[in-house]
């Protein structure tokens, strides 16, 4: 009874301390987010870029992804199975690691406005030449001249040109929007305005010269409609050049630096506006940059806080008016003296951390190899059973996961990756590896090496809404020395643009006989 009461008191105290730690973490994150919002609001020119498939960001869920599941899913319960003496029972694991469903995305009608305008303009382009052919047949059919062979050939040409224009416009303009830009796309707006002016001009000419006079030459009317389709095809060619071909040649080298950990990547871009360049950088960010791990950035802060927390100041002169000032000065002096030996402590801390990581990694590798050996043994036994009694890969993954759960959880906590991998995602990856007959090394590669952001679940993405901060207009083109930032809730991407220098190659002719030489043999030499 005594032991039970002591244990329960310890558990209650640990739960209270854990709850207080979570509350302090939430308050610190809230202060950090409010500070980042204040700093971004002070900028004069900042616009927002948001992904089209992004959900509204919830501060409590995105900033604390580990609160949705039990962080100790590998250490809470032990059970005995056939593969290991230190594993978890499947019943206890069933309740942990369930991913919380995010709120349903609200319908954003503004996102579909450009697509609606494009479809409306395309419908107008398709109806206009057909109207030129149908209206004379409906208004004065008895006065029209007969359409001969040349006119029928124009009908065939017009039909195929309209089909080609329809397919080309669908391939170039009717695409799902990957992001919502803060400003209007200049070239797309100019092309749409040019198309509207062309259609308006043709309608005015058709109304004045054909409808009013009721022209009897139907072949000329058909040629007029064909000329409109030819002009629309040339506008589409201009759209391909401006939207797809113009920026293919690299003109600028952009250096992208993440503000928290300093990870840097370089990209070569062509003639693009600042907002289009920001969109291209964000597309590359999710596949090139490693996932942002804020837990790795708190090591230096915790080390400094630990040093200051270990200092104790005693007031031997008694309480006075300047006691607080003297205490702060004593702490500053002690911290300055301790700074001289802090590099030794840092060295030994990093060495100890590396030793722990290697130890956890070795245990994880051994546990995974034993689990995969057990899977191969089960597969050999399943071949002897009837076809209806075979175990699918998902069941096999759930069966062998408890044998490696503890080692994997300890390794992820040591490397501070526990918030990036849930139990469901690990089991799904394990089932994928079993289905495709992968080796243990292939399974461990996702956890031993940090992957890009897109390789993780959406809950691990720190943000899907970005704020573009730039002194110049975001619709202005890139120039040498252009600088802008892409801010999120926890970090920012600092982008610097430099023009690629002009390269000049010169040719130097080398005569073929200049490489030849004559060897003169003498009798006194050794040759």
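Just so it is clear, glycine is given a Cβ too, placed from its N, Cα and C backbone atoms.
All annotation found in TrEMBL is predicted automatically rather than curated by experts.
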(message) For the annotation transmembrane segment in TrEMBL, which listed range does it cover: 154-173, 254-273, 274-293?
(response) 154-173
(message) If I go by TrEMBL, the feature transmembrane segment sits on one of 43-65, 66-88, 89-111, 112-134. Which?
(response) 112-134
(request) Could you check which of 218-243, 296-321 is flagged in TrEMBL as transmembrane segment? (result) 218-243
